[in-house]
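Here is what Swiss-Prot says about this protein:
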type     : residues : note
COMPBIAS : 97-135   : compositional bias 'Basic and acidic residues'
REGION   : 97-343   : region 'Disordered'
COMPBIAS : 136-155  : compositional bias 'Low complexity'
COMPBIAS : 156-175  : compositional bias 'Basic and acidic residues'
COMPBIAS : 183-204  : compositional bias 'Basic and acidic residues'
COMPBIAS : 212-224  : compositional bias 'Basic and acidic residues'
COMPBIAS : 237-250  : compositional bias 'Basic and acidic residues'
COMPBIAS : 252-266  : compositional bias 'Low complexity'
COMPBIAS : 315-326  : compositional bias 'Basic and acidic residues'
COMPBIAS : 333-343  : compositional bias 'Basic and acidic residues'
REGION   : 353-372  : region 'Disordered'
DOMAIN   : 472-642  : domain 'tr-type G'
REGION   : 506-510  : region 'G2'
REGION   : 528-531  : region 'G3'
REGION   : 582-585  : region 'G4'
Amino acid sequence: MPIKLIQVQRKLNVGINTVVEFLHRNGFSVEDNPNTRISDEQYALLVKEFGKDLPEKDRNFAADRMRKEVPSVKEEKTAEIKTVIPEEFRPKIVMKGHIDLDGGQHKKQQEEPKAKEEPKVKEEPKVKEEPKVKEAPAAPAAQAPVKPAQPAQAPTEKKEEKVIVVEVEKEKTVEKQPVVAEPKVESVKPEQEVEKTEEKDDNLFRLNSVKLESKIKVTGKIDLDALNQSTRPKKKTKEEKRKERDEKQKFNNNRPGNNSNGPGAPHKSPNSPTLIKPNAPAKPGEEGDAKKKRKRIKKDRVDVNNTPGTNYPRPNRDDRPNNDRKPRLKKPVKAEVSEEDVQKQIKETLARLTNKNNKNNKGAKYRRDKRDAAVKREHELMEQEELESKVLKLTEFVTANDLANMMDVSVTEVIGTCMSIGLMVSINQRLDAETINIVAEEFGYKTEYVSADVVEAINADEEDDNEEDWVARPPIVTVMGHVDHGKTSLLDNIRSANVIAGEAGGITQHIGAYNVKLQNGRRITFLDTPGHEAFTAMRARGAKVTDIAIIIVAADDNVMPQTIEAINHASAAGVPIVFAINKIDKPHANPEKIKEELANMNYLVEDWGGKYQSQEISAKKGIGVEELLEKVLLEADLLDLKANPKKRAVGSIIESSLDKGRGYVSTILVENGTLKMGDIVLAGTHQGRIKAMFNERNQRVEKAGPSEPVLILGLNGAPQAGDTFNVLETEQEAREIANRREQLQRELGLRTQKMLTLDDIGRRIAVGNFQELNVIVKGDVDGSVEALSDSLIRLSTEEIQVNVIHKAVGQISESDVVLAAASNAIIIGFQVRPSLQARRNAEKEGVEIRLYSIIYDAIEEVKSAMEGMLSPEIKEEITAYVEVQQVFKITKVGTVAGCMVKEGKIKRTNKIRLIRDGIVIYAGELGSLKRFKDDAKEVVAGLDCGLNITNFNDIQVGDMIEAYEETEIKKTL
């Protein structure tokens, strides 16, 4: 008979995996599952292998099982041999043949182990008892087949006799009176033996009895009738069924009596209202067992349906005949009423009420329609405003900061979005239309350009471009690099070879762009912008100002942050890069290290198998400069740069400033066309006729062709660096467009002004010590003003906000002082001075004017001023760990702890924390610190001390005390 792996594991005391592996080795495929059943043959193999610790009878039984299973085809012969033995003991059949097994099998199974413990000689007189008839054979049943093989001991023979008797009895009970039916007996007998072996297993596993029945039905095909006959007595019991029917009738008859006239029920219900309710109808019935079972089931059903905690009403509800109607009484779930339905209902009700009172219905209807129309118009207006709030009305060039204000988002988010699309922008950098569209769309806004007509007017004025007129133009090269890496030295070296000796230096330092003629007759325009900001701004607008970038790195230094930033700007703009490794004449120069650092940034130079050209140079000694210029020209040839010199000039503003003697001066770079004296130029919001032009050597020139930088006089203001300039036909047209742009810029300025909202006030309150620093920036050139404003705005923190309320080119005027006094601002002048009247007004109004020549000094001073406005930061430093080793209770003092300093040094003035099991129990101050009987200022590690804690006495042995100091640190930005 199959047996589960879990049972085999328990019997043999080995793991399931071991059993499965062993069976696999012996050619059996068994699933690794505790509930997998194995055959007797497999079980016998396992017993043979692992059953050394098993009792001898179990091992023999397993072997016998295997023997039995092998000749399973010859069942009849084995059965014939065994049926001969029991016939000697027929006298006992008469006593036990009439036994009917009761329905309560659980009791029998529970009593089995007890029966087996008793001496088996005493069981003969107690054969009549129902449970023990089955139990007595159960234990020795397994030995019946075993003993013929080894009949050695006397006590075992007695057991054999009993076993045989019971086997015969069972055969007889199955057959009832079959004298001739020997084949049935033969076939039943092996099954009975299987039954008994299974019963033996029941010593440990009670549930096997259920499996027993199911397996008997499955295994024996011929004996199903016999098995059904044997099991039938348990189910039939006609007398019990008849009695139950009678009791049901009696109970139903007595039911109404219990509610109305029953004297028993009312007496019992007050005594125990909940428990005796089911027992009340129990009196009329004589047999209580069957009745109790039925009522128990009913009681459970009542308890499930009824809510707990009710007292007397329960029996009445329980006894009602119409209990089935309860679910029908459930109320239907009401549908939720929407706000619109409510409003509609109210309107209809009001309309009915007003109609009753108003006899003149026409007038009321007219007024009602008028009201409805007004409400409808209001709704439409609100919807229109909501739509318009998502539309940004702006000019083509808007700074990142203004765009952020219009969309009511942080400027860092706008810059982050630009970086994600490959654009490096700064706070005050102006964005082109395409970039604005992408950024606005990212934040869910639509754009509407109010300056479209202005752009169209300029575009309409442009001339047609013929490809036949195109000629090669010199490349525009920007030199970029970290401070002190030799950028200026390289430019001076390149320029000194081509500049007349008497004209070196001078104004060329301010122009920032110049044209160099090489020995081979070719020209290169070098651009020396004040910072990489302007370069990026020009690239962002798509104006191809720079064609090639030279990145200078010092060989005795590293690739510095500003160098990395410059490389990123050039890469984002898609400009070819040539690396110049400078200062190779120095003793500590290591060009290979620079190449390695560039390779780590994924910029492989040609020496290392990459695509970027590099040249080792010494700018001071002129080593390698010619080779560098050759490589630059090679890159230019690959780009195939061309322009049309026959059309009107278009270009970019490099720098602008206010010169006291000459007025507003602008350095421009012509990209296409030719600029001539007397041309009408429009640049941003400024326009004017060119009065004079100077080249980088401060010599007057009459015209400037493509890729030529010149300094022009004649504009009515200082245009912003990076603005595009156009040459127009008439001055009137230029003035109209400039005025229109100025108007749009003012409107944009008003739109971007942000009033203080409740959210801002709440945020400031949350920060606590919020400060504002208003600044007015004046400088000599527009590039410096932009760079300084940008740097100051970047200093803003959560606690201090820097606002640049005004910035301009030129000296500090009286109007600047008035504005500063009104807005409580400070004036920062960069390489400019205040006028005499402005200085007097500033002293009178108490306005602070700070003047600087170096941009870094200005930034550092503003930074230190801001740091002075910050509240200091409190830093905590742990000074000692102390372990409590003893605790003393002292009256009027409290709990004193005897401690050992484990680490550091504890001072009398330290603040402390008491830590128990890693959790801070208390934080406070020391009440006293003593060493022996003397007060101590401090105790170092390894010494013991006594201490008590102010207002805390719950100190325990084993607690850790952590001593710490708080120091105020000046906050930095």
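Placed from the backbone N, Cα and C atoms, the Cβ positions cover glycine too.
Sequence-remote contacts of a segment are chain residues at least 6 beyond its ends whose Cβ falls under 8 Å from one of its Cβ atoms, and for the region 'G4' (582-585) they are 485-486, 489-490, 552-556, 591, 616-621, 623-624.
Mean model confidence of the region 'G2' (506-510) amounts to 39 (pLDDT, 0 to 100 scale).
Helix, strand and coil content of the region 'G4' (582-585), in residues and according to DSSP, is 0 helix, 1 strand, 3 coil. Sorting each residue of the compositional bias 'Basic and acidic residues' (237-250) by its DSSP state yields 13 helix, 0 strand, 1 coil.
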